[in-house]
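Student: Input: one structure, supplied below.
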């Protein structure tokens, strides 16, 4: 096992990784920007190093500074967390060049799955169903219009290198496509350095179901069942749960086996997630693969009893999985909500100083958090400030705990999405599990 791990991240995920490393006796190295000089992760780690200015490009996205810091601290591995550099193949390659273990898959797999077009091609080759569409980069606007008319409107215009909803837009007709195409192409080029676009058919009234995978370096791959992430705003998840209320045992087995087959086909290692879109008839289609730990990994941990960060560390250190598929059992129901520092109606970020902060303290409620009273939420980074996870023996029990905990959650000084979460959890549709990716638009 590793002696010292540098965490190339911030916020709650840095705290989460530090917690597992500490339990395993692994020393931790935190990195921080000027804006984060007093952040909790800098105090929780064994060592902490300033890596740059507040701007993310000058700190958490600065590959060479992070590598230099890892060497200075004599870290033998780097955990990228999620977001930031976690799916940057160049970062993984630089770690490899410096003989620092990157806790994740190989650089070539990150690159392949990072290109949504290449990922579609790989899944098609593996016999995994993909959303009807094209697996080639679109050329000019005329080519895009021809392709869309062949598929049939409405279509989803997507950036090949995209993520977090950036460069993605639903278009209803040719006129809308012409308006959207160049803007999204430019946005993708600006954000990701790749303006390649492709088109997929819109699956109406769909659910977003993803499968958590673990794969060691010795050919063993298992799935840890599914998560339902259908409650979204602007193509970003807000509420996630495991298991899905929509997935029956037959679909669970089928979608899990398909995800394992897909991971094996590309030679995947470490923790990963395959996201599927599922229609009303339970047909499922590959959307994308996330080659990192997911924000919503705690709901899987709660129902399986496994520490996914520990498994990542063990796999990266060359250990074999100590369990097989049949050993993994589901227990209970878990729901996660993301607490964002944002206006609950407009979704605009709400930076500022937290003047009061208290977390609900009840059995079956878990908090992943990196803010406190007097913490400053800056405009430089993602507005998610915390996650709350509830677990019950049944979904009904979990929802009851969720509603109670949300009412007891207190954040003052900034706006948050807590009112939205309270409303969502109280709806008849959510309680009945009648949730699609249109849920927030339809019910709130």
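Each Cβ is built from the backbone N, Cα and C atoms, and glycine gets one as well.
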Student: Have a look through 175, 226, 288 and flag the one Swiss-Prot assigns to the ATP site that 116, 158, 164, 165, 200, 201, 202, 203, 208, 235, 275 belong to.
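Tutor: Candidate in the recorded ATP site: 288.
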Student: Given that Swiss-Prot lists 237, 292, 295 as binding hydrogencarbonate, which residue among 207, 314, 330, 338 does it place in the same site?
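Tutor: Between 207, 314, 330, 338, Swiss-Prot records just one in the hydrogencarbonate site with 237, 292, 295, namely 338.
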Student: Other Cβ atoms within 10 Å is the metric here; tell me which of the recorded positions 164, 200, 237, 292 scores highest.
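Tutor: Answer returned by the neighbour count: 292.
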Student: Give the residue from the binding-site residues 275, 288 that has the most other Cβ atoms within 10 Å of its Cβ, counting over every protein chain displayed.
Tutor: 288
Student: Pop the Cα-Cα gap between residue 288 (Mn(2+) 1 binding site) and residue 116 (ATP binding site) into the table, whole Å please.
Tutor: 7
